[in-house]
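Participant: Pasting a structure below so you can have a look.
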């Protein structure tokens, strides 16, 4: 076979003409060490703080420590298959999670992946987990209420839309119960809810989801679960992921409520990650930025004005304000509210609901200590009816607690003191409320009116709860018009007082309790 030089040169020319040299610029490095969910990488020159890093086998991580010679990263998920020498690539993206209406009714992990076996989620979009909180000019003052359905909360420590109200107490004092009742009560209020479970037992999370389903509350709720079996990085990120999901509704002129259960465990997870990354420890071995950890999260809960909503939606939504209300939970050790994390979160939030073990064990549930609990901005958001009647209730409880301390030592009490003590006992009984039984504004208002106007004074202390239950049954059957009127316009005036007085007196004359 004879070779033709011209054919060969022609073939080479054709190949050269058709050759496409594609140069791909890629920023990649090599794993130096890996263990405990932490990874050190050499060679990632242009990594950003909080950037997503791509590891082999579809595993992702997040850059947290940017040092001169290496990058410290947390691995999100399983890391057993990673080893020294593996290649790591920069993605050029900050960590994002899916957001939107399609997440309602679902249980997801800290990265927004479904964990409830109901199939994939077709999200409307995605949002960065870390966002800057709205500025002062973008905000609007808190003046609309979030009704929790709990008498003790709505009357004494009211919560407004866009507020941050801390729920603090020892373990087993009913902190989660207060938050879950608040979520259940939003069924017809239009408020979307996000429940973030951090570092809890998987069985506890399953039980909460079951209760929400049972009371038809799961349809308006997103559950973000980072159980105790998940890595510290996932527990640290879960709160920010839930917040991003809540901001989606806030920025569209809607109202959302987010529960962080609980931020103590998130601080523990962040402490673990920081110590493994060899950051210098401070008080209680927490890193120096543990205050910023919680402040940047809770400052994102806010009420934003209509101009800001219009700007964020490119003019699609006009004349509507949006809000994200936060209920962070903190667990104290033996009632010590002066520990590092509790004092931090108390100073960041707009008030706290303090739950006490002694009250809980004595059967007063929710176990709210009215003296130590406070709401700094919620008063301006209360309905007129509850605001007027709730003031008298709070005063009666405060006087009762003060006098009860003296009454232990005094043998003979004057008539006025004895009356105040007796009324205080009845108000304490009235504040008791079983779990999963939220009350409407009208039911709450009439119950508080009965106590405030002295209709409970001749009822035996152990019959107060029965009296209230019978009163509400009577109102639902005989005075439905009054309940509907108070629910639609909860004002406080002479006409309303007259109607409530007539209804309560009619019930008392029937003696059906």
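Cβ atoms are placed via backbone N, Cα and C, with glycine included.
Here's the feature list from Swiss-Prot:
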type: BINDING; residues: 169, 170, 171, 172, 173, 174, 175, 176; note: ATP binding site
type: SITE; residues: 373; note: site 'Required for activity'
Participant: Would you mind listing, in sequence order, the residues at least six apart from residue 171 (ATP binding site) in the same chain with a Cβ closer than 8 Å to its Cβ?
Facilitator: 331
Participant: Can you count the other CB atoms that lie within 10 A of the CB of residue 170 (ATP binding site)?
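Facilitator: 17, counting other Cβ atoms within 10 Å of residue 170 (ATP binding site).
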Participant: Identify all same-chain residues not among 169, 170, 171, 172, 173, 174, 175, 176 whose C-beta atom falls within 8 angstroms of the centroid of the ATP site's C-beta atoms; report them in sequence order.
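Facilitator: Along the chain, the qualifying residues are 331, 355, 357, 360, 367.
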Participant: When the number of other CB atoms within 10 A of each residue's CB is tallied over all shown chains, which of the recorded positions 172, 173, 176, 373 has the maximum?
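Facilitator: The most densely surrounded of these recorded positions is 173.
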Participant: What Cα-Cα separation, expressed in whole Å, is found between residue 174 (ATP binding site) and residue 373 (site 'Required for activity')?
Facilitator: 15
Participant: Pick out which of the binding-site residues 169, 174 has the most other Cβ atoms within 10 Å of its own Cβ.
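Facilitator: That would be 169, with the highest Cβ count within 10 Å.
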Participant: Three states by DSSP: which one describes residue 169 (ATP binding site)?
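Facilitator: Going by the DSSP assignment, residue 169 (ATP binding site) falls within a strand, counted as strand.
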Participant: Based on DSSP, name the secondary structure state of residue 174 (ATP binding site): helix, strand or coil.
Facilitator: coil
Participant: Return the residues near residue 175 (ATP binding site) by Cβ distance under 8 Å, restricted to its own chain and a separation of at least 6 in sequence.
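Facilitator: Residues satisfying the criterion: 167, 168, 169, 261, 262, 329, 331, 355.
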Participant: Distance check, please: Cα of residue 173 (ATP binding site) against Cα of residue 373 (site 'Required for activity'), rounded to an integer number of angstrom.
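Facilitator: For residue 173 (ATP binding site) versus residue 373 (site 'Required for activity'), the Cα atoms are 14 Å apart.
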Participant: Measure from the CA atom of residue 373 (site 'Required for activity') to the CA atom of residue 170 (ATP binding site) and give the result in Å, rounded to a whole number.
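Facilitator: If we compare the Cα positions of residue 170 (ATP binding site) and residue 373 (site 'Required for activity'), the gap is 15 Å.
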Participant: Can you tell me whether DSSP puts residue 373 (site 'Required for activity') in helix, strand or coil?
Facilitator: coil
